[in-house]
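Quick look at what TrEMBL lists:
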{"type": "COMPBIAS", "residues": "1-10", "note": "compositional bias 'Polar residues'"}
{"type": "REGION", "residues": "1-21", "note": "region 'Disordered'"}
{"type": "DOMAIN", "residues": "78-289", "note": "domain 'Tyrosine-protein phosphatase'"}
{"type": "DOMAIN", "residues": "209-283", "note": "domain 'Tyrosine specific protein phosphatases'"}
{"type": "TRANSMEM", "residues": "511-534", "note": "transmembrane segment"}
{"type": "TRANSMEM", "residues": "578-603", "note": "transmembrane segment"}
{"type": "TRANSMEM", "residues": "615-638", "note": "transmembrane segment"}
{"type": "TRANSMEM", "residues": "650-674", "note": "transmembrane segment"}
{"type": "TRANSMEM", "residues": "680-706", "note": "transmembrane segment"}
{"type": "TRANSMEM", "residues": "738-759", "note": "transmembrane segment"}
{"type": "TRANSMEM", "residues": "771-797", "note": "transmembrane segment"}
{"type": "TRANSMEM", "residues": "809-829", "note": "transmembrane segment"}
{"type": "TRANSMEM", "residues": "841-863", "note": "transmembrane segment"}
Amino acid sequence: MTYSTSNRYQEGTADPQMPTSPLSNCPVEYIHMIDGQFTVKMSPVEFLRYIDQKQNEELLLKSLVSLPGWLMGRCFEAERAENRAKNRSSTLLPCTETIGHKNERAYILTLGPFSNDTQLDFWRMVWQSNCKCVVMLTALREGDKKKCMQYWPEESGECGPFFIIIRNSEQFNNYVVRQMIIRKKEETRRLVHFQMTSWGDAKRHMKIDTLLQLRTSVNSITFGDAAPIIIHSGPGISRIGTYISLDILLRQGSGDNIIDIIDTVVKLRSQRAYILNARKEHQFLLRALKVGFSPNQDGAAEETKDDESEEDLYVNAQGKGDIYYEDGEEVVLWMNTVGPYHNRQETYSYFSLPFCAGPKESIGHYHETLGEALQGTELEFSGLDIDFKGEVKKTEYCSVELTQDKFEAFVYAVKNHYWYQMYIDDLPIWGIVGEISDSGEDFYVWTHKKFDIGYNGKQIVDVNLTSEAKKKLSPGAKISFSYEVHFTPSKIKYEKRFDKYLDPNFFQHRIHWFSIFNSFMMVIFLVGLVSMILMRTLRKDYARYSKEEDLDDMEKDLGDEYGWKQVHGDVFRPASNALLFSSLIGTGYHIAVVTMCVIIFSILGDLYTERGSLLSTAIFVYAATSPVNGYFGGSLYARMGGKVWIKQMMVGAFMLPLAVCGTAFFINFIAIYYHASRAIPFGTMVAVTCICIFVILPLTLVGTVLGRNLAGQPNYPCRVNAVPRPIPEKKWFMEPSVIIVLGGILPFGSIFIEMYFIFTSFWAYKIYYVYGFMLLVFVILTIVTVCVTIVCTYFLLNAEDYRWQWTSFSAAASTAGYVYLYSFYYFFFKTKMYGFFQTTFYFGYMALFSLALGIMCGTFGYIGTSYFVRKIYSTVKID
């Protein structure tokens, strides 16, 4: 059965055994005594008084249960051959259109899509009905049962002729609201998608409150809109019936002050067979109506479980908030950047397009922090007059006459799906510049901005933007821009105001949890395997070496001597190019400490809620922990007998900063050529240079001096031979180059799922906030890397190859090579990036990320292997 709202899907002759009038066969018990009057109608107050008596509730439930389940004509469309494979039920129509209260709007009741064919039918139905709102009353899976397929993309994707974009996803209490954009050819429409993630029952009052809250949110979106609301659950219709009947009856009670439960259910069944057919559904409906009509219930359940008043919430927020406004105080609207939707990092100043500013006098330039400047934040005053709690009706603030250049600039922006970003009270807002007509020949720009600002006490806790009034672009036309502002009280706590920008359904998806569990099991397996193999193998080695020690020199067969003991005189020989090696190890220690500190600070301080704070924190921590680099790099260089320690200290201090600055400056030249906001200001360059010279270098020097004096003396368990031992030939898979290539596979396997989430948060429109997951993955990566490199080193030494330092480092560092290869896959198959600037930016910074990851993993591998090597050679008697 195809999805459609056309009447032809309800054709058929009426069944002669079915009642022709919904109430013609209603038995007498459907009519109840209220205040001495027989009636099926009652006011909300009468309903509350009536339903408080248990026997009345049972009588009403009995009447509802005894209603006929089928009160509509037969349908034959589902029996057509092309529709049979699409039917999820033999008794339920895939789609039915029903009438709401006073016929002012319709609902489209449908079953959840379950295949690619029905997914396409669903989006076609959304488009044909010009639907603005979809209500999904189920999770994708509940328990072990699949209820519905995920018919929307994670970020953006195609379904037949439709291209769907997820603009924003906001998590509430047991439901999610997704702002979507649907494009077909050049026409663009907006859709709000509500998904109930947990369905309640009559025994759990909070679930009823949540359903009422969902209904209020849906009605606030669809108020005054004649387009139908599409409602679906999984394969059934019980939840749909509960929601629709609750909505209709609450509307009856608030609008007419009269409700008729029996008539409402009968009318619904005359349009949708077997809807609201079970006793538990009727009981849930009655209890939900009782909550909805209660005097302390305004129809909008709160977003918190506590019955806190607005003043209580204000007091709770006041202790944690930062910015407070007095009534009438100025609220600044900052315009940030504009750029192509698919190229998140390709951004330009908002006024680089021929937008015009408001008439209000400028309050001065916004001074960016170091992190904001490096990330391309470029805030400019909008010129719009907004006062706290001050309502602004639709007001024209400026106009632009489209010259040929301005016309072409707007057309280029609309063709490339330009988006812009603004800030009010540090809360981000996004909007789209314009749209293209179906023919692809006409271009439109949105000219009206409607701001809905929620406040809690004296603080702003929510901001929303609605773009309206699109105007056709043409050379010489005059485009007028306007805005309006509405303030509404909100119960959102100030410290929770950023939660709407997070996407728990994405980051806390079961796949994420499964990947963590899978990596954890890999750790257990590897640790157990390494322990078992090495303990058994080393025990045999020790036994063999002990037996050889008991033999006289004449009894020994030198040809039988083999294994890792034979290289005891060379195993602690300094690594080749000791200066570079020690600098890499010191830098690896430094990166590991910075990573751990930033993760912990992010867990404790929610750094993701402030612009540029994460990058600023990383720079500060990197500079402050520079002694770590000098201590471990300088001490290792001293133990290896290095003489030019000042040179080693300079290399260690500037190795990573020079790589980062070199790449950043190269990309900066491209950004300057493109006039992009990512171009780093000269003052920021000077600031970074000063940090390197006057902070990082002196602190690295302090660490180097301490390391050379406290841990710079070699204390190896074996004496190093004066003449290096020749390395015998070995099988090809024992060669260091092969070990290096294979060494990074398992560590990469333990983190590649997390790489997807990290990449998506940086290169797409997601905010990474699950730093607890990142900390756990960091620990797992460390353990897996150490285990793998210990095994690789054991095989290398057993082949009598003592070049373990560089091999252990490189085998662990090869993980970064696989990450960089994965970045190519992600770029070509998971994004729609294009253009020279965005491509250079992506692969340039992915190379830096992979370099830092490789140095850190290489250091982990060397640390674990160094301890292992020292341990096994300290327990063997060496002549």
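Quick reminder: no glycine exception, Cβ is built from N, Cα and C everywhere.
If you count C-beta pairs under 8 angstroms between the transmembrane segment (738-759) and each of 511-534, 578-603, 650-674, 841-863, the highest count goes to 511-534. Counting residues 6+ beyond its ends, the transmembrane segment (841-863) has Cβ neighbours under 8 Å at 345-346, 584-585, 587-589, 591-592, 595, 656, 659-660, 663, 666-667, 670, 678, 743-744, 747, 763, 781-782, 785-786, 788-789, 805, 808-817, 819-820, 823, 827, 833 in the same chain. Below 8 angstroms of C-beta separation, residues 746, 749-751, 753-754, 757, 770, 773, 776-777, 780, 783-784, 787-788, 790-791, 794 of the same chain, each at least six residues beyond the ends of the transmembrane segment (511-534), sit close to that stretch. When the domain 'Tyrosine specific protein phosphatases' (209-283) is classified with DSSP, helix, strand and coil residues number 46 helix, 5 strand, 24 coil. Counting same-chain residues at least six beyond the ends of the transmembrane segment (809-829), those with a Cβ under 8 angstroms from any Cβ of the stretch are 581, 584-585, 736, 739-745, 747-748, 751-752, 755-756, 759, 763, 781, 785, 788-789, 792, 839, 842-843, 846-847, 849-851, 853-855, 857-862.
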